[in-house]
Amino acid sequence: MSELTKAQQQNFTKLQKKIRRNTGKAIADYNMIEDGDRIMVCLSGGKDSFTMLDILIGLKKSAPISFDLIAVNLDQKQPGFPTHILPEYLDTLGVEYRVVEEDTYSIVQDKLIEGKTTCSLCSRLRRGILYRTAKELGATKIALGHHRDDILETMFLNMFYGGKLKGMPPKLVSDNGEHVVIRPLAYCREKDIIKYADLADYPIIPCNLCGSQPNMQRQNIKQMLNTWDTQFPGRIESMFTAMQNVVPSHLADFNTFDFKSINRDSGVINGGDIGFDKEEMPVQPVDIDDAVTEFDPSLKLDIVNVQ
């Protein structure tokens, strides 16, 4: 880390506590990490994965359980990829790591159409390699650096372009059914991670080395959410809270809720015909410190749910 002013150091410490608190809360809520786990931390060289590794290292030191971390980077043989940066950085941390070399760049370039994105193909290839690597390393969990904004963006992408009310789960079983994938930063805001990574002075590696165009649908969603965040303070917090407070009886998916069996003897279900009552809506705080996590200080080091 470069030399910080006193004000910058105070801001860094505040951000670190916030991100660590939110990460610990997410880990506890979804039982992401258990005693004896070997966590494969996927390190791309971007701000999110650097922050995730940093926070997990800190939690490991103070956690009431024992777990191991191994950082894994996939060198996809993109022209100009600085192969020395991550090994040098990880050596300074003293963390176990592995760099996996696979030329997925050439495969993707063969499919690349000018002006189009091949991110989905690249992602599928990358996932397959990471799943294989996790098995080779004996990892029990695979940690990805997606944050709360990614989760909300994915939900709106599915709503607007896929016709599904579906987001990005904080914890899931991998596509091949062999691994548990976790997203420890699920409660963290991207804007906090950006500020934290800037102050931490991570050796960020550009994500556009492949030459592919950005996913414009996701970029449009991101811009929409950023606009809402500015114009309507608290809206982002409220939307994420909604993802944790689903009422299937008041949606329209008959595969999720048994509408067919409802009759007069069923009784009032989840408020009956009250679709929305503004009077009953809790006021959503603007600051993430008071939003979503509502952190209990007694849980600050308990990164697993022991009950």
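Quick reminder: no glycine exception, Cβ is built from N, Cα and C everywhere.
The [4Fe-4S] cluster binding site feature in Swiss-Prot is assigned to CYS119, CYS122, CYS210; the stated evidence is sequence analysis. Residues annotated as motif 'PP-loop motif' in Swiss-Prot, with sequence analysis given as evidence: 44-49.
Listed by sequence, the residues of this chain that lie at least six past the ends of the motif 'PP-loop motif' (44-49) yet keep a Cβ under 8 A from its Cβ atoms are 73-74, 85-86, 145-147, 185, 190, 193-194, 197, 202-205, 207.
Each residue in the motif 'PP-loop motif' (44-49) has a pLDDT score, and their mean in this model is 95. Remark: secondary structure over the motif 'PP-loop motif' (44-49) totals 3 helix, 0 strand, 3 coil, with classes taken from DSSP. Over all protein chains present, the Cβ of CYS122 ([4Fe-4S] cluster binding site) has 20 other Cβ atoms lying within 10 Å.
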